[in-house]
């Protein structure tokens, strides 16, 4: 009742709204560059902001998405009005009204999953014959789901039947993909209605940053920004929910940014024929904001080894400096067991009681949060900007040593090579996975002469290494593409010009001279990991936030009002008849 009076009739509502204006840097998370390779095909997709481009890199032919007319997508556009506009008016409409966060093909290449800040996830039919009629061969949207909060990461089940996507509430949601035949039968270019997805599992209001199904299909590994990797059992019917947890992988000292499974390929003798590669043992790998890549036995949830990809940066280095190339030196030696205290484990990594609201661009810090646990998103919000009166938001701190985080990792199809991208580093680290010792050893540092600031890496079906990077500016729409392949000696050599046709590269990169010039001048650069970092507040800062919150003030006002009512009742009770005029009921009558 009190909150309703505040929202509708309180005379200071306009003044309070003016005090809660968001800072420009907190209006939205920075954009990300996404890379996706379609299995069993030569189609590659690149996304930046809400622009996404798919091209057959052999022929240079562009593959479009059958996006409905802007009038049909007006509702979605209104839902994302608060996000940063990153597409020019002359550009073609994108699949979403907000910044893209998910771009993932199904394992069989029949579907494409996209998710964005417009709180929607869409499934596109990409198989042969699935193009919409009258759309010039464009891929048609086969299903769409509405998410409670902005999407953060997505993927598919191992069989490709279910689409998995997480929102910033910390829930992993699931939607069933239609049969490929049914998806191809629908020929009209129309926007399917937004459905309500089922909930598979939850991370209790901490943002899920990565997910991947195990090679056996029995488990799902999910990482979050509370320093942990969770391994959950997958039921036969994913829409019924996952209620069994295999275990937690503790050890990271900062957010988990990426997870991937590596499969050892064993040679099997087939008589007169050449030996065939068959799946064997598998392990789980995870990258983190603490600059390490760790190898796990995901069934026992124990750490097998760890590789230091980046050393702590110099004291006082700004995040922009890290983005501008302050990547630390990598180490090929495994970490000492005593040097990594699992500060992210135990009470820090426990799901229960962590965080209240995980959507950083929308809510402020939790009123009841304590230092190191329960904080809201680091992207600010109402509590951070409230109050005025010279109040300055405290500087956000990380519990881990300040070092460039691992942004992305990928495992080669034969399970022998792991590619690692460190934020702010122009090189990609290529590691050998030693299956005998389950350890990672540095083999090579690979640099493309025309690719700056790589942010995501992926291996193609034939073992080619792809990387996407570009100008780290919020207004950028371009990208840098690089390709490499393994040479006779086992080392990777760049081969972008030999693999990608000039027409395909021009469409994928869409380079802009002004953006390149601004980067050369050292303009304002952002860091991709900003949306993954978790702020830390001490008790004094938390109490300051509480005093600045309007709901806290309203609670105090209502408490004072109840106290006043009690005092008036006592005065009335003393002046009038006993019990304040209440009629006393005999115990016998009450029992009857």
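A Cβ is built for glycine as well, from the same backbone N, Cα and C atoms used for every other residue.
The shown structure was predicted, so the numbers you read here are calculated from the model rather than taken from an experiment.
Marked as region 'Disordered' by TrEMBL: 1-30 (among others).
According to TrEMBL, the compositional bias 'Basic residues' annotation covers 1-12.
As annotated by TrEMBL, repeat 'WD' applies to 93-124 (among others). For the repeat 'WD' (93-124), the model gives a mean pLDDT of 91.
A Cβ distance under 8 Å defines the sequence-distant neighbours of the repeat 'WD' (279-306), meaning residues of its chain 6+ beyond its ends; these are 210, 214-216, 219, 221, 223, 227, 229, 231, 246-249, 251-266, 312, 328, 334-335, 340, 398, 400-401, 403-409, 411, 415, 418, 420, 422, 431, 433, 435, 437-440, 529, 532-533. Annotation source TrEMBL lists repeat 'WD' at 279-306 (among others).
The region 'Disordered' annotation in TrEMBL covers 323-399 (among others).
According to TrEMBL, the compositional bias 'Acidic residues' annotation covers 347-362.
Annotation comment: TrEMBL describes 367-391 as compositional bias 'Gly residues'.
Under the heading region 'Disordered', TrEMBL lists 567-592 (among others).
Annotation source TrEMBL lists compositional bias 'Low complexity' at 571-592.
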*Going by DSSP, how much of the repeat 'WD' (279-306) is helix, how much is strand and how much is coil, in residues?*
0 helix, 21 strand, 7 coil
